[in-house]
Amino acid sequence: MNGANQTVMTEFVLLGLHEHHNLQMVLFVLCLGIYSVNVLGNALLIELNMLDPRLHTPMYFFLSNLALMDISGTSSFVPLMLVNFLETQSTISFPGCALQMYLTLALGTTECVLLAMMACDRYVAICQPLHYSELMNQQTCMWMAVLSWGAGFANSLLHSILTWSLPFCGHNIINHFFCEILAVLKLACGDISLNALILTVASAVVTLPPLLLIILSYVFILTTILRVPSAAGRHKAFSTCSAHLTVVVIYYGTISFMYFKPKAKDLYLDKLLALFYGVVTPSLNPIIYSLRNAEVKAAAIALLRGDLLSRKMACFPVVLYVHQAGVCVLSRFRPGQIFGNL
């Protein structure tokens, strides 16, 4: 490398909104509050799923994965972003930027696939209730979760290798709150046409098929629900998937608004929209599931009363016996329960 023309990059400057100090103080307070709700709410969902035997079902298994994903995704960039809001100049090391970009991209991709897996679970629960415990057994759920996480991290690894193999020289100011892949690619002093092509193709592969699978699943679900003779039965059936459908609409709605809207002339607007997508959206999931799910609310009340721990200990011998017998715990979940009030 010619030292006269190129400089080895050791750190990046995150521009954020440093020209608007008062706005950054407002964003600091808002983001800190929302991030706290996100971590506490999703951590509570995971804890309830672990402690309450009634929540040991595929739906809540996937919900726990979603909650863990939301905590990890926001924690990969929000704490440093909050610190940067209070600094006059925000910097991040080269390895730190690489790790941050890898995690945010991986977890965002994983959520796309996981939402499709959750739609498949709802399809089997509503459309194939008699075979639910057989089809959605513990091994199947584990493989579906592994596929979701594996696809996300493999996709991010590919883009990270291609991105960081590019030469970075001179300009090191990232016009964003964190190391977002498109903002990082703009700093490369090499040809990024291959990166842009692969990023476009990979984004289509990891977002469109899961979305189509979700749409197809809910078409069959809606058809099945409309065949239920009683209005009460239709309401109970739809309530088992309404929370998931709400999360899907919010997730894909914000993605579509961000990436398919006309490019804003004011870059501050784009950065604020990205901040909303990255910080606000993950905090909505525990609120949606807790408000629309009677079993989660009942488990939370039992936890506050101290009944949940005693209930867990009372059920422990049964769970242990089932494991020793070689039968999946999920088989204890009766198909008729899937139409319970959520």
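Keep in mind that glycine also has a Cβ here, set from the backbone N, Cα and C atoms.
No curator has checked TrEMBL annotations; they are predicted automatically.
The following features are taken from TrEMBL:
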DOMAIN    41-289  domain 'G-protein coupled receptors family 1 profile'
TRANSMEM  25-48  transmembrane segment
TRANSMEM  60-82  transmembrane segment
TRANSMEM  102-120  transmembrane segment
TRANSMEM  141-161  transmembrane segment
TRANSMEM  196-225  transmembrane segment
TRANSMEM  237-260  transmembrane segment
TRANSMEM  272-291  transmembrane segment
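Proximity of distant same-chain residues to the transmembrane segment (25-48), defined by a Cβ-Cβ separation under 8 Å and at least 6 residues beyond the stretch ends, is recorded for 17, 55, 63-64, 67-68, 70-71, 74-75, 78-79, 81-82, 85-86, 275, 279-280, 282-283, 285-287, 289-290, 296, 299-300, 303, 308. Tertiary neighbourhood of the transmembrane segment (102-120): same-chain residues 59, 62-63, 65-66, 69-70, 72-73, 76-77, 144-145, 147-149, 151-153, 155-157, 159-160, 178-181, 206-207, 209-211, 213-214, 217-218, 244, 247-248, 251, 278, selected by CB-CB distance under 8 Å and a gap of 6+ residues from either end. Taken as a whole, the domain 'G-protein coupled receptors family 1 profile' (41-289) shows an average pLDDT of 85 in this prediction.
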